[in-house]
Amino acid sequence: MIELPQRFIERIREQLGPEAEAFIGTYDEPRTQGLRLNPLKLGGPATGANGHESFRDELIRRFGLTPVPWCRDGYYYDEATKPGKHPYHQAGLYYIQEPSAMSAAELLDVQPGELVLDLAAAPGGKTTQIAGALAGRGLLVSNDIHPARAKILSENVERFGIANAVVTNASPDELAAKFSGAFDKIMLDAPCSGEGMFRKDPEAILEWSPDHVRMCAARQLDILDSAARLLKPGGTLAYSTCTFNREENEEALERFVERYPAFSVVRTERIWPHRHKGEGHFVALLRRQTDEEPASTAATSGRRDERCRRTDPADRSVREAMKLAEAMLRDVVPGFDLPAGEPVLFGEQLYWLPSVPGFPLRARDLNGLRTLRPGLHLAHVKKDRAEPAHSLAMAISTRQARSVASFDADGPEAGAYWRGETVPAPDGVNGWTAVAVDGYPIGWAKASGGQLKNHLPKGLRRPG
Ligand SMILES: C[S@@+](CC[C@H](N)C(=O)[O-])C[C@H]1O[C@@H](n2cnc3c(N)ncnc32)[C@H](O)[C@@H]1O
């Protein structure tokens, strides 16, 4: 039984009137659990004869999935099936996400090819959803201010197989100073007092107070200030919170629109747990009008990053690294085409930053920003060769790899691979081999002498 703060109950009664008791009653019910299937790996729900529908059906059956009405790829799952612990989770076939939280990215309605910013993105629920909507075209800048959370975000971007995302660890202000007026769409899933998370995260109850709500609202306005500067004229901003009070939602936006008359609120939506099957969420769509001068876009100045990152494609070391990587790509993933873009060399790590036609976000603009992932991680570059990066395995389909070893997800070979062990090589595989579970890549191995030498990164290996 959850004990709610008295002041919170009073405020809810003021806000909801006669509905308040039904709302308070939801705290005696179990919280809702959800997952979102990954269209980058599984295709869309009705994509015809590409072989994925049957696998979607398999996931639906295995995890007892039932659709979330407001999200195309969203499902409630049967808790007993524990999808978060299944190898398919590590294969990036879905993202565990509370169903209400799926509403914000749906409302933002991202289209393939757009330049999108997810300003407070960790651990990556909205980012993975937006990347699905981009369908590999355009670019997503995914940011979080907290270093440890940005690292988890970057890992989720990798697991989901997202090839067109840059992951940064910056303050909204730092980004606004660099990318003024650059983005078609911005997602701001703001840090909030978390009233909608009380069933999921009892710590949020302990932290809650009217003063905390006030502090959150002030912080939200600060972040909105930066979002206003980052959005292109004519662009749209989704603002969302997982809290119910008006101070952090409607009132924060009223104050914002007063301060920035070029913005208007197009639509707001609320998910209440006594009306919908979800924990609770607020989302608003705002539009920046077009009839103003576009601000100057992506800045090129900025101090160089402390670590040695080479972003000039004409730089000799970048050219040489790219030559080695191209040879590796031709050999290891002959079916994989690099989109238009440019290489970024970060020590021995080579990334590929896709370009978006007409948008000025170039690799050099990332100088001076803490960047965890400047695009798709392609390769580890050694003196005379390039080895495929784990991210590359996660971003390809088995059809694109020259050599593939696909194992049953629940079988002993997959288990041994997850533990970091050497696995007997199936007939016909040689050299760099994409290891897959049920046809979905999970990492690399190098085949020789009938064995697959394990190249799963140590941090991803699982005991048992
Ligand atoms: C609600 S969570 C984001 C959840 C994420 N969008 C998702 O869907 O997985 C809010 C995020 O805001 C970040 N944050 C906290 N303070 C911030 C600030 N002052 N500016 C920007 N982001 C901040 C937190 O690190 C946190 O990851």
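In case you wondered, yes, glycine gets a Cβ from its N, Cα and C as well.
Values in this document were obtained by computation on a predicted structure and should not be read as measured data.
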Checklist entry - If TrEMBL gives Ala120, Ala121, Ala122, Pro123, Gly124, Gly125, Lys126, Asp144 as binding S-adenosyl-L-methionine, which of Asp73, Asp189, Asp201 does it give for that site as well? => result Asp189
Next on the checklist: Under a three-state reading of DSSP, tell me whether Asp189 (S-adenosyl-L-methionine binding site) is helix, strand or coil.
Outcome noted: strand
Checklist entry - Just the number: how many Å between the Cα atoms of Cys242 (active site, nucleophile) and Asp189 (S-adenosyl-L-methionine binding site)? => result 8
Item to check | Largest tally of Cβ atoms lying within 10 Å of a Cβ, found at which of the recorded positions Ala120, Ala122, Cys242 | outcome: Cys242
Item to check | Three-class DSSP secondary structure - Ala122 (S-adenosyl-L-methionine binding site) | outcome: coil
Checklist entry - Same-chain residues six or more away whose CB lies under 8 A from the CB of Asp189 (S-adenosyl-L-methionine binding site)? => result Ala101, Ala104, Asp118, Leu119, Ala120, Ala121, Gly125, Lys126, Ser240, Thr241
Next on the checklist: With Cβ-Cβ distance below 8 Å and at least 6 positions apart along the chain, what are the contacts of Gly124 (S-adenosyl-L-methionine binding site)? List them in sequence order.
Outcome noted: Tyr95, Ser142, Ile152, Leu153, Asn156, Val157, Phe160
